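Asker: Just lifted these from TrEMBL, have a look:
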- 116-298: domain 'FAD-binding PCMH-type' (DOMAIN)
- Arg333: site 'Important for enzyme activity' (SITE)
- Arg429: substrate binding site (BINDING)
- Tyr492: active site, proton donor/acceptor (ACT_SITE)
Amino acid sequence: RQELLKWNGWGYNDSKFIFNKKGQAEFTGKRYRLGGMVLPTFKEWIEKTFGASLEHKTTSRASLNVNDVPPSIVNEEFLQDLRATNISYSQDAEDRVFRAHGHCLHEIFVLREGMFKRIPDIVVWPVCHEDVVKIVELACKHNLCLIPFGGGTSVSSALECPEEEKRTIVSLDTSQMNRILWIDEKNLTACVEAGIVGQDLENQLAESGFCTGHEPDSMEFSSLGGWVATRASGMKKNIYGNIEDLVIHIKMVTPRGIVEKNCQVPRMSTGPDIHHFIMGSEGTLGVVTEVTIKIRPVPEYQKYGSVVFPNFERGVACLREVAKQRCAPASIRLVDNAQFQFGHALKPQVASIFTSFLDGLKKFYITKFKGFDPNVLCVATLLFEGDREKVLQHEKQVYDIATKFGGLAAGEDNGQRGYMLTFVIAYLRDLGLDYYVIGESFETSVPWDRVLDLCRNVKERIVRECKEKGVQFAPFSTCRVTQTYDAGACVYFYFAFNYRGISDPIHVYEQIERAAREEILANGGSLSHHHGVGKLRKRWMKESISDVGLGMLRSVKEYVDPNNIFGNKNLL
């Protein structure tokens, strides 16, 4: 993995935002549509928004210094037994550090500036379910701590090692368990090893004409097992469902043995569903090894779209109506004005004069002729897929609803570009850190009648907290409605600020994020819609699920894992 991916940042080594010798922003590499393109207005946007300057650059370590890495705590008897299994393992510093973290802001900051106090002592690579059984049995025999590792994209501190853990910590990396074991075309199901990452799963299924349709923003790097362990959601859930809707059968190895259902049926009435003990367990009970999931034929037709609304309130009302009529496309996302301006700043340089002229006409039509205020308007991006005729009918239905709320169709290109930015936006945090800007995202789910209040109050709370904490420049605080349901929506926030002049920026950031989470809960939002809890948000678990509910989870943990072999300390 280290050959492909950054050790102290997001994504591929060859893909990143930079400022070139001319001072223009550009995105490197050829993996994304934005690759190699110049972004002529982004420098001005970042300077205006954050008060940042190319003259003020931070320093971070270019490579890992192995002398800074904590020494490995070795259980020699375990190593001796492990060698007898022929399961691959490593005690190399790079392998251990790479699996010591996810992608929370503070984790990346530590990698750039210092080192974790506690990291895995050994990394093991099982290649099948039977290997995992052997590893868990050995961990129980020698009283070790196991931390499952999938794609490493966690944003909840779930992968951080507890600093007080004295036992040998083993990172169980599932990346070599990456095969589709079988495809059942009659029942439209597939059995897949849990270590496979999203894009590989979709590519391999596509060779047989199928897909899962599950596309979280992290799908290039996150794993099937990680989706199950965190109760993940994908951007096309309106058609394909969330992970809990896709799963037919799960096999998990625990210290007590293997837990799984005895058949692969669409539904059972046999007491509480054991899948719901597994989904969302975040590596605290065992290791998911195999998952049977629903598959669908690859859709014959796909079409993007976008709609401009005069303001965020109208946009939310439109999405509410779309949800009420149960006619949502595969994906529908509504960004507020600040995020619209942000996306516009990431627009690449236009090569064609004609294209530039057309863009100017569109802007004139929307702002002058229709009277939309460019500092208030918002945009919804749409993705339709399925049978061509049905897609076109569906498209008309959604645009007809949008018109009733003052929406104007804004073209396929804007819609497609909006979804393309989904996969590159995570790379921006690394660029920001180079210039004293720290940023993060967080999410929630909320009833429809609380969406507007929650969005407004959380953004205002962030601004207020930044001012109180001595942040010199106004923060960037923005949101989008990213998933719709009958009874509510998922709201996704970004916030960032210039930390120049602040002695402990991570502490200040964590205080602000904590206040934002308190505001979310006070406004009727959930603790998390799809990121999970980990260690970052577990202080609110009792408030979120009640004292009795937390006791139920603890009882399951105590029975399944009485010696805390899976000791990552998530959730509880």
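Start at 1 and count along the chain as shown; that gives each residue its number.
Every residue, even glycine, has its Cβ placed from backbone N, Cα and C.
A TrEMBL annotation is a machine prediction, not a hand-curated record.
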Asker: Any idea what the Cα distance is from Tyr492 (active site, proton donor/acceptor) over to Arg429 (substrate binding site), rounded to a whole Å?
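Answerer: Between the Cα atoms of Tyr492 (active site, proton donor/acceptor) and Arg429 (substrate binding site), the distance comes to 16 Å.
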Asker: Return one of helix, strand or coil for Arg333 (site 'Important for enzyme activity'), based on DSSP.
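Answerer: Note: Arg333 (site 'Important for enzyme activity') is in a strand by DSSP.
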Asker: In this predicted model, what is the average pLDDT of the domain 'FAD-binding PCMH-type' (116-298)?
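Answerer: Mean pLDDT across the domain 'FAD-binding PCMH-type' (116-298) comes out at 98.
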Asker: Sequence gap of 6 or more, Cβ distance under 8 Å: name the residues on the same chain that satisfy this around Arg429 (substrate binding site), in order along the sequence.
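Answerer: Those within reach of Arg429 (substrate binding site), by Cβ under 8 Å and sequence separation of 6 or more, are Gly9, Trp10, Leu105, Ile108, Ile438, Gly439, Glu440.
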Asker: With DSSP assignments reduced to helix, strand and coil, which class does Arg429 (substrate binding site) get?
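Answerer: Note: Arg429 (substrate binding site) is helical by DSSP.
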